[in-house]
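Asker: Below you'll find the structure I mean.
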Amino acid sequence: MPYLATLLNCLVRALYGLPMVHPDSTLLVTISGIGIVVEIVFLTIFFVFCDRQQHRLLISAVLTVQAVFVATLAVLVLTLEHTTEQRTISVGIVSCVFNAMMYASPLSVMKMVIKTKSLEFMPFLLSVVGFLNAGVWTVYGFVPFDPFLAIPNGIGCVFGLVQLILYGTYYKSTKGIMEERKKRLGYVGEVGLSIAIAQTEHENIAYFNKRVNGV
């Protein structure tokens, strides 16, 4: 899910910005640290209010794997590589991969939007903020040029732009779906993001049909 992907990205970015890895990156460490705290809060809320034990176990397992991975990466890089240049390249490549994965994490939600022709699975504000965030980090990656920041965030800009294009494409059809639902059921309602990202595609389709079509 996007929150787990973002947490892993922040953890690796924080490691990348440490003085003994990539000097003069105080801003990167600070922002990544804030991101870690925010994502932990989000995941804690999700964990507390999630009504499926299976999802709780999955989140716990993924968080454990992430913590072990980042700790192992830090130990290996700091003990086996002895210059900041080497450490920058090693951690930079890893952070680049996970940064791109973070931006790609909503792909399943985008697929649901295309299949259902409804934007209810994809909050507009989240898409806009994601696009702006990627854009700012892309610019930051060019001053001075840092390929490990510029490239993955450039990819993030593309994903963010695609989401905004989907909004322009399916805005009218979404309004039609909501109006039809109001006529049938007497209320509009909406499909929560937590539902879209926590369930399988089959479960999402079934849930959508039940909410929209009453089947």
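In case you wondered, yes, glycine gets a Cβ from its N, Cα and C as well.
Dumping what TrEMBL says about this protein:
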SIGNAL    1-17  signal peptide
TRANSMEM  27-50  transmembrane segment
TRANSMEM  57-77  transmembrane segment
TRANSMEM  89-109  transmembrane segment
TRANSMEM  121-143  transmembrane segment
TRANSMEM  149-171  transmembrane segment
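I'd like to know what surrounds each of these features in this structure.
Answerer: Distant neighbours of the transmembrane segment (27-50): 3-4, 6-7, 9-11, 13-14, 16-18, 56, 59-60, 63, 149, 194, 198; these residues of the same chain sit at least 6 beyond its ends, with a Cβ under 8 Å from one of its Cβ atoms.
Residues 4, 7-8, 11-12, 15, 21, 43, 46-47, 50, 87, 90-91, 94 of the same chain sit 6 or more residues outside the transmembrane segment (57-77) yet have a Cβ under 8 Å from a Cβ within it.
Among residues of the same chain six or more beyond the transmembrane segment (121-143), those with a C-beta under 8 A of the stretch's C-beta atoms are 103, 106, 109-110, 112-113, 149-151, 153-157, 159-161, 163-164, 166-167, 191, 193, 196, 204, 208.
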